[in-house]
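Residues annotated as domain 'Major facilitator superfamily (MFS) profile' in TrEMBL: 1-428. Residues or ranges marked as transmembrane segment in TrEMBL: 25-55, 112-131, 146-165, 232-253, 265-286, 298-322, 338-363, 375-398, 404-423.
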Amino acid sequence: MPTSEEDSEEIRPLLELTLTYRRSVYWYASMAAVGGFVCGYDTGSISSIIALPIFQKLFFLDKTLAYYETGINSRVLLSGRLVAGLGTGLMTNAIPLYQSEISPPDIRGRLVSLYSLLASFGQMAGYFITFRSSYIKSNWSWRLPWLVQLIVSILFLFSVCFLPYSPRWLISQGRESEGLMVLAKVHGLSKNHWLVQKEYKEIRLQTEADRKNANEQNYAQLFKVPNLERTLLAFFISIATCFTGNVVISYYAPHIFKNAGLDDVSISLALTGGIGLLSLIANMISLKWWVDMWGRRVLFLTGSAISAICMITVGFTFYFYANWIDDEMVLSNARARYVIIFCVYLFSGSFAATWAVGTYVYTAEIFSLKCRAKGLSLTYAISWAGSIVITYFTPFFLAYSISGVYFFLGACSILTLVVVYFIPETKGKTLEEIDAMFEKH
């Protein structure tokens with residue numbers, strides 16, 4: 001802690017970073033965030049592809065005949081999806097981790113949120129590309145969206161070759177001179193500049209402290225004091241992200257609109273694309289002004305409150321206005337239909353501006369250096385596991401009770417609202433200061 005005015009002045013440079021520095025850091029963080037486009041695009045395209053009549057016909061209604069007629073090998077398709085899922089999971093872990101370690105505290109929220117922004121852009125692109133390809137009268141109606149994902153993945157692979165190693169990782173591996181050079185590079189300053197030297201010394205002190213406990217650097221340490229609180233917080237945030245409604249809206253939006261009485265596939269896909277566009281705009285606004293001004297905790301509170309209101313409103317709307325005719329759900333009331341569409345859009349926009357931004361930032365910040373990679377890997381593994389559970393069981397839940405799904409999500413949002421009220425704020429703190437904050441708890 002500073003003990004004089006001169007020391008206090010040395011804490012302020014993070015608010016007075018050079019233009020070159022900001023450009024350098026934004027450039028590296030943006031290149032890393034390109035992977036978010038692939039992750040978001042994957043979600044948007046898959047949720048739309050499964051709604052295409054030709055895809056449903058080929059893969060759900062008449063599989064055997066379709067394979068022989070079109071030359072489609074289901075095993076190859078499923079294997080490709082498994083590999084793509086593995087790659088998406090790896091990027092979800094690695095990108096926010098990398099961004100958090102090269103970012104200064106006053107703009108870390110914005111830089112780590114670039115991943116979420118690019119994911120929103122990718123999701124929007126997936127919706128609209130699939131919407132446009134739905135008019136193709138051949139198998140390319142569902143092949144084209146996946147081809148686009150392949151092209152973007154290759155571009156991402158190429159861009160990674162130009163990214164420097166994390167300075168914190170280099171120093172932790174004993175490559176201190178390289179770490180110092182990378183710090184100077186991302187700062188756009190000489191390695192002897194006092195700002196570079198200050199951060200370098202902080203990282204070295206933290207690394208030396210971690211080395212003293214090198215024999216304890218394993219997954220078991222995540223569940224021991226003082227890491228247990230951080231681990232539970234990260235796990236809760238990742239699970240809450242799934243159970244506040246985002247997974248259901250992301251993957252089943254076309255079906256939700258169909259349940260609301262919009263039977264035309266093209267209209268459902270267009271409305272789903274509108275969700276992607278709104279999410280992108282909301283994400284940009286939050287990244288520009290809110291995440292580093294309001295803080296992570298306020299974003300979580302706001303998002304949880306809006307999610308609870310929207311999910312419960314949709315649940316009551318389906319409960320009171322849904323009618324079953326010949327084993328088919330019909331929502332004949334036009335106003336009820338508009339209420340559902342409005343709530344879906346309001347939820348999507350608020351989630352993109354709050355939870356979609358805060359989740360990646362907060363979970364990447366709270367772990368200590370020695371546990372960050374392991375902690376994030378488990379955190380995102382739990383997040384993906386939660387997504388799988390929600391994705392798998394939602395169709396069965398919808399078949400049993402459409403309104404019940406949204407009441408359940410609304411209840412989860414209320415529970416989340418209560419819990420996040422008590423989480424500590426990390427806005428404006430260095431990673432080392434956040435580490436010290438949790439050590440004192």
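From the backbone N, Cα and C atoms, a Cβ is placed for every residue, glycine too.
Outside the transmembrane segment (338-363) by six or more residues, the chain places 96, 100, 108-109, 112-113, 115-116, 119-120, 234, 237-238, 240-241, 244-246, 249, 253, 256-257, 260, 271, 274-275, 278-283, 285-287, 290-291, 296, 299-300, 302-304, 306-307, 310-311, 313-314, 317-318, 331, 375-376, 379, 426 with a CB less than 8 A from a CB of the stretch.
Looking at which of 112-131, 232-253, 298-322, 404-423 has the most CB pairs under 8 Å to the transmembrane segment (375-398), the answer is the stretch 232-253. Highest Cβ contact count with the transmembrane segment (298-322) among the listed stretches 112-131, 232-253, 404-423 falls to 404-423 (criterion: pairs under 8 Å). The listed stretches are 232-253, 265-286, 404-423; of these, 265-286 has the most Cβ pairs under 8 Å to the transmembrane segment (112-131). Through the fold, the transmembrane segment (232-253) approaches residues 43-44, 46-47, 123, 268, 271-272, 275, 300, 303-304, 307, 310-311, 344, 347-348, 351, 355-356, 358-359, 362-363, 366-367, 375-376, 378-380, 382-383, 386-387, 389-391, 394-395, 398, 405-406, 409, 412-413, 416, 419-420, 423 of its own chain, all at least 6 residues removed from its boundaries and within a Cβ separation under 8 Å.
Per-residue confidence over the domain 'Major facilitator superfamily (MFS) profile' (1-428) averages out at a pLDDT of 78.
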